[in-house]
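J.: So TrEMBL says this about it:
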TRANSMEM  273-292  transmembrane segment
TRANSMEM  304-330  transmembrane segment
DOMAIN    336-541  domain 'Cytochrome c assembly protein'
TRANSMEM  342-359  transmembrane segment
TRANSMEM  366-386  transmembrane segment
TRANSMEM  398-429  transmembrane segment
TRANSMEM  450-473  transmembrane segment
TRANSMEM  488-506  transmembrane segment
TRANSMEM  513-533  transmembrane segment
TRANSMEM  553-571  transmembrane segment
Amino acid sequence: MAAAGRIQWLLVLLLVLLVGTIQGQTQDVPPPPQRDFLSDEARNALKVLMVQDYQGRMKPLDTLCREMSWKISKQAKVDGWEPVDMFMSWMVNQTYWVDQPLLAVRNDQLKRTLGLDPEQAEGKVHIVPSSLITQTGQYQLESMVEEIHRTPGNLRTKMQRKLLQFDDRFNLFFMSLRGQTLRIFPLPNDDNNSWLSLREVLPSLDAATQAEYQQAYTELISGIQWQDNERVIAGTKAVAKIQEKYGASVMPSKLAVRSELILNQTEPFKVVIFPYLAAFLILFGGYFYSLARHKGAKFRFRHPLYFIGSMVFLISILIHLLGYLMRWIASGRAPLSNGYESLIFISLMVGIVGFYYELRDRRGSVGGLGALLTLVILGIAMLPTFDPAISPLVPVLASVWLIIHVTIITASYGFLSLAALMSMTMLILHWFKGPNRKTLRAAILNMSQLHWSVMIAGLAFLSVGTFLGGVWANESWGRYWGWDPKETWALVTILVYAFVVHLRFIDKTNKPLLIAAGSFISISSVIMTYFGVNYFLSGLHSYAEGDVSSVPSWVYLGAIAMLLIVFISFIRDKTRHWDEIAEG
């Protein structure tokens, strides 16, 4: 159906609903929309009601409401509204919500297209949905959207991609107004176990079942419309009874539902960012304190500063791990299927590896760097680029090899990322090279030993994971190796790190500075394998693709910064001298 046809049909529907409400209530008028109109009991009852999304995933209504709030407005809460309250209110207060600023837009070109001045509307702004409909009922962006759909994906500009995303928000909002996204009713005896909205499911039901479904839905929606919590609870119970009766075979376990609700409410991956930051500040601060006052000596575990930093780091890792396990339970699979989940796992591995090597070294350096890198990766995962929604597995990923291959590969990225941060630290420490810096040089040599161990472990994991990936490829595609971009760049990364590792076995190149520089620059091959292939190349690993068509400017700035760090380190190494200390 064309966009204009959808909008015209929507306007007719809204008019019918409005007229029906006026005719049905000659004396009483429903109360106006207001925040927190649901009691805690009614809201909690709604939250656990099951719904099926368009990808076929069963989820609590709480999850759907949060996803809708975020996808449409890019806000966890809109003007203080609880997501469940707002989502349900959309369906009974359409004329109110179409005049509220809900549709998020940030791109300046898109703002101009929508008639906004980017200089006056800086950052993220919200558009009123009704402002996009002309007086004749036409969708203002219809022709532009149709033109973009006729343009090949690889030729679309950034503004065109942003416009399509905005159009998705617009359509998703109006579908929610019509109740189309409230897919809470099982289709009895359906081979695909489909759940649909009331409007979609009614034609497929017999008269008795129609009456059963309509009665439950009417009780629920009328309770929402009149803000009657008792009727909301009664309607929710009636719908839940229908779900148990006709759709029990696909409903998730109570443990899975409870885990997902806890994830929604606590957001553990956001919560742990600040403890990780505290652990970094305490441990890394302790490291420099030890360098300044105790010549870089190891801490006793009972040292107050070290003990507090280590415990904060450990507690952060445990919360992180618990959140990851809850996501595993909620999704019913290993959370490794998309960019968001893999970043969560990589950051977890960095934390675990950092804590393990910190226990071995007890100087605060590796633990502090591990905590810092963990919070940075978690911060990247929180960017709008990565969708935190739990989604069903792509068929090719529905294999035991997902756990084996992807876990090992992503674990290697954790090791190699930590090795890169350690090497950067060593390079920066070289900036302070000079006479009477014996403690500093000893610290560099000590970190070099730890760095070597971390890098070797990362290379081992990467090599084994790549070989096992070949086994999985043979099962999925009938060949072990096909020079797919992901496979090719995995091999490139192995060869790059193998080259750096072999520098240690040649007398002239067995220098901490040279190995650190090699490790630091080599992380770019990991970044290309993990991000670059997914965003800029196509292949059999297309399930991980992004939507970037040009290299972001920060990539060039990052490359320049890396080269500057290495260049300054080598210049300082050539122009300054240590005291005479035996080579380590």
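Each residue's number is its place along the chain shown, starting with 1.
Glycine is treated like the rest: Cβ placed from N, Cα and C.
Note: TrEMBL annotation is automatic and uncurated.
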J.: Find the member of 366-386, 488-506, 513-533 that has more C-beta pairs under 8 Å to the transmembrane segment (342-359) than any other listed stretch.
T.: 366-386
J.: State, in range form, which of 273-292, 398-429, 450-473, 488-506, 553-571 has the highest count of Cβ pairs under 8 Å to the transmembrane segment (366-386).
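T.: Result: 273-292.
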J.: Mind looking up the mean pLDDT for the domain 'Cytochrome c assembly protein' (336-541) in the predicted model?
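T.: Over the domain 'Cytochrome c assembly protein' (336-541), the predicted model scores a mean pLDDT of 90.
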J.: Are there residues at least 6 beyond the ends of the transmembrane segment (304-330) whose Cβ is under 8 Å from a Cβ of it, and what are they?
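T.: Same-chain contacts beyond the ends: 252, 255-257, 259-260, 262-263, 266, 268-269, 271-272, 275-276, 278-279, 282-283, 285-286, 289, 341, 344-345, 347-348, 351-352, 354-355, 358, 362, 364, 367-368, 370-371, 374, 390.
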